[in-house]
């Protein structure tokens, strides 16, 4: 099962098994790919539009935000670690449209090929 087909890792666990996403193969300031799944009342409330605006406001991020069939929203962002962290922190603040019940993320090496942040 792939990420887009309902697969999600345990809360706060990276593909390498490190808790909290702090130990990744990338350096703390290097380019990364962050994939996050946001649970809660996040569809039909403008969540994707606000997430795109926040990502563009952070600057330097490429990727997308999309609704999943199971009611979650998926966010894929590539850029500098500090910029991805800023977006992830915002997703977790609760200062978002709707209601966020939880965010699960994984970190990996960037794949490239994404335009500046878009809604899918």
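The backbone N, Cα and C atoms fix where each Cβ goes, and this holds for glycine too.
Annotated features in TrEMBL:
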ACT_SITE  48  active site
ACT_SITE  67  active site
DOMAIN    33-120  domain 'Acylphosphatase-like'
REGION    1-30  region 'Disordered'
Distance from residue 48 (active site) back to residue 67 (active site), taken between C-alpha atoms, in Å: 8
Sequence-distant neighbours of residue 48 (active site) in its chain (C-beta under 8 A, six or more apart): 65, 66, 67, 73, 119
Secondary structure composition of the domain 'Acylphosphatase-like' (33-120) [DSSP: H/G/I, E/B, coil]: 25 helix, 36 strand, 27 coil
